[in-house]
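Each remark here refers to the structure printed beneath this line.
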Amino acid sequence: MRGLVNKLVSRSLSISGKWQNQQLRRLNIHEYQGAELMGKYGVNVPKGVAASSLEEVKKAIQDVFPNESELVVKSQILAGGRGLGTFKSGLKGGVHIVKRDEAEEIAGKMLGQVLVTKQTGPQGKVVSKVYLCEKLSLVNEMYFSIILDRKSAGPLIIACKKGGTSIEDLAEKFPDMIIKVPIDVFAGITDEDAAKVVDGLAPKAADRKDSIEQVKKLYELFRKTDCTMLEINPLAETSTNQLVAADAKLNFDDNAAFRQKEVFAMRDPTQEDPREVAAAKVDLNYIGLDGEIGCMVNGAGLAMATMDIIKLHGGTPANFLDVGGNASEHQVVEAFKILTSDDKVKAILVNIFGGIMKCDVIASGIVNAAKEVALKVPVVVRLEGTNVEQGKRILKESGMKLITADDLDDAAEKAVKALAH
């Protein structure tokens, strides 16, 4: 789903695609949590309940869905593509529509199992909860999202007359179906703004006035909870003439954690990369990748340039790691611990251009890290800038077997060569 958003706004982003997403840590919550939150803001959502055990599943079926003939059982992981995913146990699909008396059985096949989707990577994610929902009778499926758009310097509503799993393809084949409505961040959403969205979607059955109110409520949720992205796919029309958020994905700005206590209490660290969780605890910007060369760099731009040059020389970066401009020795030590905890890392490249960040602090951190962590892989170090001579002296006097480099190109080349030794 997120692919469409990236494609539609790529012109307004200085960095598009995957790397853009890596510059901000964003809270991602489960579908059932998003539905609960939307319900509090008056957004129409399907009746549903989350369960983490077969006992809870059985109770929910009896208490919440006593008269339903069919239910939707949805695995809850923080990744897209669940419907087309495969469990390592062999079960196909992380979303199933089943008869009421089959719901407990299918939930049992999901709970505690690892689901692999196009977004999880081959390792997959463990399903700790399932979401039981009423099966809606849908007459139309559409797409709706709100994002933060740099070009318009504010929220942007993106909608499409057609929804579902093929939204990216539809955006390419039928660009005239895409509706984009920028919202004035100071004035907020107006009736006219909401009407543009609804008239563009042209609902077949849902009441126009009610639909306008639903769009306004979705925007209020986006604004009041510090969302960075709200995506509903599908935004569905039911046989009862209602507009319903049938499936939603919400991300929130981590910088708002101090004032969004209720929202951030929903965080599920068990679904996050443990390395990213550890990095966040010490204020490091870290994103795990699948390569072999661990990177520690100061500055997001330099970090991305470092990864690009590693690729240019035939290597693959194992991570994005920006220690920032004011890192302490402790943070450098913790950064090394995170890098060395990745079994795929066969070499480490430290690339520091000291401005506010001092090279001697980095050097001391490297030496202290070596005392706490058994460095079993070659380490390539390129230092330049503030206190560079002090930094080089600290490294030399440490007696560590380091590979030094004169510039970034040299450092990347040496890191790639070090993989062969």
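Glycine too: its Cβ is placed from the backbone N, Cα and C atoms.
As written in Swiss-Prot, here are the features:
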| type | residues | note |
| --- | --- | --- |
| BINDING | Lys74, Gly81, Arg82, Gly83, Glu141 | ATP binding site |
| BINDING | Asn233, Asp247 | Mg(2+) binding site |
| BINDING | Asn298, Gly355, Ile356, Met357 | substrate binding site |
| DOMAIN | 35-278 | domain 'ATP-grasp' |
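When the binding-site residues Ile356, Met357 are scored by other C-beta atoms within 10 Å, Met357 scores highest. It is 12 Å from the Cα atom of Gly81 (ATP binding site) to that of Asn233 (Mg(2+) binding site). For Arg82 (ATP binding site) paired with Gly355 (substrate binding site), the C-alpha to C-alpha distance reads 45 Å. Within 8 Å of the centroid of the Cβ atoms of Asn298, Gly355, Ile356, Met357, where the record puts substrate, the same chain has further Cβ atoms from Gly299, Gly324, Gly325, Asn326, Ile352, Phe353, Gly354, Lys358, Gly385, Thr386. Counting Cβ atoms from all protein chains shown, Glu141 (ATP binding site) has 18 others lying within 10 Å of its own Cβ. Rounded to the nearest whole angstrom, the C-alpha distance between Lys74 (ATP binding site) and Asp247 (Mg(2+) binding site) is 10.
Put plainly, the binding-site residues Lys74, Arg82 were compared by Cβ crowding within 10 Å, and the winner is Lys74. Annotation note: Glu141 (ATP binding site) sits in a strand segment as assigned by DSSP. Annotated pair Asn298 (substrate binding site) and Asn233 (Mg(2+) binding site), C-alpha to C-alpha distance, rounded: 38 Å. Taken together, the residues in the domain 'ATP-grasp' (35-278) have a mean pLDDT of 93 on the 0 to 100 scale.
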